[in-house]
Amino acid sequence: MFTSTMRHLTAVVLRRDSEAVSRELLKVGLLDFVRIEEFLPEGASSFERGSEAEKGGEKSASRLRDDRLRIENLTSSMPGFSLKTAPLSLETVPDLDIDEIENGLNHLAAGLQEIRNRQRELNQELMKLDDLWHHFELPGEGPDPGGIEKLARREDSFISVRTGSIVPGFRVQARERIHRFPSVLMDLPEREGRLPLMVISLRRDSREILSILEEYGWREEKLPEAGGQKHHVEALKELESRKEALRKQQQAAAEEYKGMLEDKRSRLQEQWVSLAVHEKLIQIRSNFSHTERTVLFTGWVPADKTSSLEAVIRKASNSRCWIEWHEAGEVRTSTGGKVPAPVELHNPGFLKPFEMLVENYAIPEYGSVDPTPFVAVAFLSMFGLMFADAGQGLVLILIGLLGPRLIPGIAGKMRRLFTLIAYCGAAAVVSGTLFGSWFGRPWLPPLWFNYHALVSGHSSGNPAVRSVYDILFITIVFGIAVLATGLLLNWINLFKKRDWFSLTFEKGGILGAWIYAWGIYAAFFFAGSGYRELPSDAVLLAGFGIPALLLFFKHPIHRLRHRTKGAGLGFTAIMTFLMEWIVELLEIFSGYLANTLSFMRVAGLGIAHVSLMTAFDQIASMASPSGSFSFWSLLILLTGNILVITLEGLSAGIQSLRLNYYEFFSKYFTGSGRAYAPISLRSSM
């Protein structure tokens, strides 16, 4: 129910044993290190920092990290391959030769860069030909019946056509140089010792192309055989042929790139594991403090793991060590302040998605109630009430189960997110069964009441639920239960900390809850009387007057507990107490009212979900007047379900998260903790 109990370790080993100890510490992965200067700064000067990470050198942490990231970047384009899923092991990790790894990476990067440069050049050539193709043929038109020359003479054309001849023997050279531009060079039958040519290009390049042609004895002349639609078609064919050749070269370059990476796949993975393991070892040693012959390190460990960690240290050092354990509250800084212990949320695997939701908000205070199981119940209950459809819930379950299998390389938080989607689907199935909704239709009778019938103005089948106001009442009662749970958890946390003042006087304490409870009673009494009568004066005095009067003493008592010399109780102080008291009462009344009414959004989204499905059902009926399902009615129902699953599912998830964060957590959650983060082979890089 509470966060894990932590114990603080202080250990000293011989310097000669530090290598073996660091490897064993990494293998067990239990110690959340604390540097000695963080809680004993004046004592840190007695030690030296001797780790490779701080002295630099061949195996510095920054160098290892840079090379590891290089490998990750190189392999990021490989589909279905994730380095971070590779298991890290000290037994199988090879010796680290950083120079060899860097030389191999440099060679591989150079080869890949050469292929990328070639791909860039091919892409540029293809874009040039696409540009020329675009101007060859206007949208919706085929080859010009008047020939390519007529197309070039059009005012809206960007095409330039030149006909003439060059000196024979320079055909290849001329073609190579002209094809550097987006152009087509068409050979015509040789005559009178000259080589006739038709050159088609963009007008913007015509001057440069003319300069090239003049180097080969270009003579501009009219060639009768160059006209007509035939050469227009041939020019298009040549363009398409050249584009296809470039595409094949692009594909070949892509295959070469992929093959080069595939050839190095196992080697890169091996090197990445070696770099990651040695980086973690250096990270551990960077937390060591050295004397001439010894090494000291400190950190936090879960209380139930202390025996196993101590055994590991003693074994690695051959019992040449000194070990001391302290409870969390006993570790203090040189100024007397407590050293905060890290927080471990220790929950079974099926609650890990909800643990993710808690950590996404903040890390709870050490020693407080672990909110994870309560968040699981509250979140799923809220989602189910807002997304009450069993059929659509089954779809969410399928998405949650199949998503990680269909998306390669998915892990960590994304995998937990899909598990959370499956849980939300299960909640929707339960609530949909209670309300008799299957893809917006009453295929099975409801176990509680018919939500769709009630929203549509018909009988719900349950005499206790007769209108949408009853649905609002249900969600308000649900909200009261959630807020009451939050207050109870807050009292447990304050009792555990022995914070009697906050337990009594704070908004979430006993007096605040007293006012809230009597406010609920008064509201239900007023509604039950037909909005005509309030509880008796004696009840109102007991419920509101007494706690309000007691709250007046909150600030004077606080002042007395933290009084300073010269602080008196003059007129100004009394007026300050009075204003603070009034503001405190306003905050309690308005805050609890807003918190409670906020849960009406649960009913609002549930009614919106039912209304949308009813609307799509009616539209589908209009598309098939005969009453039977037609193709169009089925298409409308399918589209409607997809839209509702996407939009309403997202809205219900967001609102469930919001109600947990801003209504539930605000009653008891203190997000001042630091996550327990041991250095281990399992921790992320």
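Even glycines carry a Cβ here, placed using N, Cα and C.
Because TrEMBL annotations are produced automatically, they should be read as predictions rather than curated entries.
TrEMBL lists 46-66 with the feature region 'Disordered'. Per TrEMBL, compositional bias 'Basic and acidic residues' is recorded for 49-66. TrEMBL lists 105-132, 229-263 with the feature coiled coil. Here TrEMBL flags 374-399, 420-439, 471-492, 513-532, 538-557, 569-593, 631-654 as transmembrane segment.
Non-local neighbours of the transmembrane segment (374-399) in the same chain are 351, 354, 357-358, 418, 421-435, 437-440, 443-444, 451, 475, 478, 482, 485, 489, 602-603, 605-606, 609-610, 613, 641, 644-645, 648-649, 651-653, 655-657, 659-660, 664; each lies 6+ residues outside the stretch with a CB under 8 Å from one of its CB atoms. Only pairs six or more apart in sequence are counted, and the transmembrane segment (513-532) with the transmembrane segment (420-439) gives fewer than three Cβ pairs under 8 Å, not enough to call it a contact. Within its own chain, the transmembrane segment (631-654) has Cβ neighbours under 8 Å at 382-383, 386-387, 389, 391-392, 395-396, 424, 439-440, 605, 608-609, 612-613, 615-617, 619-621, 623-624, counting only residues six or more beyond its boundaries. Outside the transmembrane segment (471-492) by six or more residues, the chain places 369, 371, 374, 378, 381, 385, 451, 454, 465, 503, 508-510, 512-513, 516, 520, 592, 595-600, 602-603, 606-607, 659, 663-668 with a CB less than 8 A from a CB of the stretch.
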